[in-house]
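**Student:** Quick one: structure below, then a few questions.
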Amino acid sequence: MYAGVIMLIGQIADALATPIIGVLCDKGPKIWKINLHKRKVWYLYGSLLVLLSFPFLFLDCYFCKNLSEIIRFTYYVIMVTIFQIAWAMVQIAHLAIAPDITFNEKERTTLMSIRNTFTVLSGLLIYLITYILFELGRDETEDKINPSDKIYFQIVVATSLTIGSFTSLFFYVTVKENPNRLERSPSLEETTASYKELFLNFTLYKVATVYMCTRIFCNVTQSLLPLYLNIALLLPKPTIASLPFLMFASSFLSSLISAPLNNIIGRKYTFLIGCILGVIAAIWLQFDTSTLYKQYFVYIVTIFIGLSASLLLVTALAISTDHIGKDLNNSAFLFGILSFVDKVSCGLVIMLVQGIRKYYDDLYYKNALAAVCALSTIIGFISIATIKANPIEVSALTSSQQLTQESQPNARKQQRTGNQS
């Protein structure tokens with residue numbers, strides 16, 4: 001229960017911070033020669049705070065280990081709050097830079113797809129390291145994960161922070177911000193909506209629902225999958241590490257095709273494909289209790305979840321940038337609102353799942369995972385179905401019709417030429 005409460009508090013801190021960070025990132029002043037209007041300033045300081053706070057979440061509280069449980073609880077609450085606020089700084093700045101770079105919606109979708117691809121690659125790397133560590137330190141007498149395995153997770157944290165520090169520095173040095181936005185160009189000021197106009201636009205709430213459901217699917221299933229494999233299916237340690245790796249691998253593959261799919265068949269159909277895969281996975285893992293499932297079919301279900309996750313997330317981010325349009329001076333704030341909804345909802349779902357766990361048997365995580373997969377995808381699709389067609393879908397349909405109209409006269413002309421000859 002404490003773990004769920006700590007995660008919820010961290011999510012709430014993140015959620016409350018994101019709109020504030022968004023406003024400052026869009027329209028922030030200069031303080032002590034630090035330009036808070038720059039996205040990369042928030043990215044840099046957020047990255048430093050992540051580096052300083054994240055390791056303590058996986059270390060024992062040495063100065064308070066002999067103190068009361070409340071003191072230890074408070075310690076982890078402080079650490080997770082600092083980390084989540086820092087993470088919000090990095091996330092909002094990084095998301096808001098994409099609309100700054102280009103107004104072209106296809107290019108924005110491609111940027112979001114690339115962003116998701118590297119997110120998945122980082123997850124693949126983490127699970128690969130985890131798998132290797134568990135293989136090297138495999139204990140034949142103990143096949144389930146237990147507290148003695150925490151050293152492996154600490155090694156994973158140290159490795160990820162080292163790699164992340166170099167990649168963050170590379171991003172900070174090489175990526176350039178939009179000079180028109182930094183100079184507060186009058187043309188951009190004309191396209192800036194007021195906060196009242198933003199909140200009176202009902203489409204914002206539809207987009208937020210799509211984004212929320214997508215994040216619940218991606219984040220909560222990622223949290224529940226190891227518990228499902230470890231507690232409900234009682235799988236061995238290497239399998240518990242390899243299946244999330246397989247999920248990330250399949251997610252990587254679908255991330256590569258998500259941008260072309262969005263540009264060819266549109267947002268709604270791409271999202272629908274992701275929903276279908278997610279619902280199939282939910283039904284399969286809920287009702288298949290055979291030995292073959294534990295040995296073989298669980299791999300297929302994991303692949304379906306991974307494929308679905310990237311299709312849903314890239315499409316949800318693309319819809320978000322569609323909604324932003326040319327309103328760059330509110331892009332970070334809008335991403336902050338979406339992140340606020342995401343963090344609160346994910347935190348509540350995880351707390352609910354952990355809070356009622358004690359009332360059920362070991363199959364509980366199977367039921368929870370199936371419910372999250374099914375409900376999040378269904379509600380997400382209902383929301384996206386009510387959003388008006390975006391410009392990409394309209395332009396794609398128009399281009400298709402134009403090509404058809406142009407091809408018909410050419411075909412008739414070629415037919416007449418053939419008949420004359």
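Backbone N, Cα and C define each Cβ position, glycine as well.
Whatever TrEMBL says is automated annotation, not expert-curated.
According to TrEMBL, the feature transmembrane segment maps to 41-63, 75-97, 117-134, 155-175, 239-257, 269-287, 299-320, 332-356, 368-387. Residues annotated as region 'Disordered' in TrEMBL: 401-421. The compositional bias 'Polar residues' annotation in TrEMBL covers 409-421.
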**Student:** Can you see whether the transmembrane segment (269-287) and the transmembrane segment (117-134) are touching - at least 3 CB pairs under 8 angstroms, only pairs 6 or more apart in sequence?
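**Tutor:** Not in contact, no.
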**Student:** With a Cβ cut-off under 8 Å, give me the same-chain residues at least six positions beyond the ends of the transmembrane segment (239-257) that come close to it.
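**Tutor:** Beyond its ends, the transmembrane segment (239-257) has Cβ neighbours at 113, 116-117, 120-121, 123-124, 127-128, 130-131, 134, 145, 222, 225-226, 229-230, 298-299, 302-311, 314.
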**Student:** Count the Cβ pairs between the transmembrane segment (41-63) and the transmembrane segment (332-356) that lie under 8 angstroms and are 6 or more residues apart in sequence, then report whether there are at least 3.
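**Tutor:** Not in contact, no.
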**Student:** Short question: most Cβ pairs under 8 Å with the transmembrane segment (75-97), which of 155-175, 299-320, 332-356, 368-387?
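**Tutor:** Top-ranked stretch among 155-175, 299-320, 332-356, 368-387: 332-356.
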